[in-house]
Ligand SMILES: C[S@@+](CC[C@H](N)C(=O)[O-])C[C@H]1O[C@@H](n2cnc3c(N)ncnc32)[C@H](O)[C@@H]1O
């Protein structure tokens, strides 16, 4: 391991005292903690040990997972630092809410937020880096999320489109990464006080835009994986002073409280949660759960723009004329003939309840057919990687269902499934076609140990054509 910088040691000895700083530095020489979450949107038994639960996080356990296992390819599990599970757990989100994850890649927190929404409402998952946004999209796809919009832009572009729009916003800010010292040599190599200060400036910049997008009374969750007060208590103090937020307590038994004296002295800063590696939960993490004052003028109302997500709450579904009808003039609906190809190709599959009305919601953009999570008009000027559920692609007089659809259909029991042996599964992941024992014909879902991870196409004589995406093959 690379040597921890002396300036870091001195800084934290000054802040924590000799004894506590000694514990922190000793813990940085220990191996990092591995853990994983089980996807409650899908059913299935995972083989990994569930002996040691991560305290305070439902369906989360200590232990490693492999990206080659069906548990992973079928989106049953997500590998995540246990302390990093707390931000998404702490933010109050319920099905039907409109939620923004502003700095979202690779998607640990977005997948957890999608679980809380249970397919109802909207998740906008944004990432500024194009390569990381692609990974974010893949992770949400694997998780079987159909009510998310994955965007690739900066916070300014988003705030211009979504004033006063969101019920809850998670800002897991880019930071100096001191809490990642055990996991990443780069975090140590590039650490400097100058970088800490630069990160703090960028965090204020990102949060300024986040605040504009939050409804009055909405929730803001701010988190970092760093220890420096400049990026933690000082930022939260600024939010309290500048915007009148209220700090909410966080249920995290093993976390240490925030340090009011490291910020503006406001006693409520103790409501923040600090995870230190020496506490034994996981890596370093800082979490602050805030609520915006209610009754403030809504930016959305001022701007005269109030949009709704396409997916409604189950109990709020409108019968007859849909509210979203009529504002899609610029978008095409598949023709009758195309709708027939689509229905034919995907007949016989069971759909999650939240997507029950997909046939009346689908739209076409060139050859791509999708069920939007948000009216596309609202996303003008924003780089969108995915809006809702990509159903598939229209080819000459036929339709090919998408990989995302396979992962979404994996949420519910299916009859049109071919379950592969572990050996067959390995071949399928490589991209090979297989001879299997099945009399089914046409598109089928492909699983291993009962976990659906792909589409395939059967010839009727047991020849299974491989539809596992080329970019994901291993
Ligand atoms: C701590 S990571 C996010 C981890 C993620 N929330 C998760 O749980 O998987 C911070 C992310 O913010 C991104 N980022 C950096 N500057 C940004 C900006 N101005 N707006 C949005 N995202 C930004 C980084 O590329 C990085 O992916």
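Backbone N, Cα and C define each Cβ position, glycine as well.
As annotated by TrEMBL, domain 'SAM-dependent MTase RsmB/NOP-type' applies to 12-293.
Counting only same-chain residues six or more apart in sequence, the Cβ atoms lying under 8 angstroms from the Cβ of residue 103 (S-adenosyl-L-methionine binding site) belong to 126, 127, 128, 171, 172, 173, 174, 206. Taken from TrEMBL, the feature S-adenosyl-L-methionine binding site applies to 103, 104, 105, 106, 107, 108, 109, 127, 154, 172.
The active site, nucleophile annotation in TrEMBL covers 225. In the three-state DSSP reading, residue 225 (active site, nucleophile) counts as coil.
If you look up TrEMBL, you'll see 310-335 marked as region 'Disordered'.
Annotated compositional bias 'Basic residues' per TrEMBL: 311-326, in sequence order.
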Least surrounded among the recorded positions, given as 105, 225, when other CB atoms within 10 Å are counted:
105
For residue 107 (S-adenosyl-L-methionine binding site), what is the tally of other C-beta atoms lying within 10 angstroms of its C-beta?
29
Between residue 105 (S-adenosyl-L-methionine binding site) and residue 225 (active site, nucleophile), what is the CA-CA distance rounded to a whole number of Å?
14
For each of the binding-site residues (109, 154), count the other CB atoms lying within 10 A of its CB, then report the residue with the highest count.
109
Pop the mean pLDDT for the domain 'SAM-dependent MTase RsmB/NOP-type' (12-293) in here, whole number is fine.
97
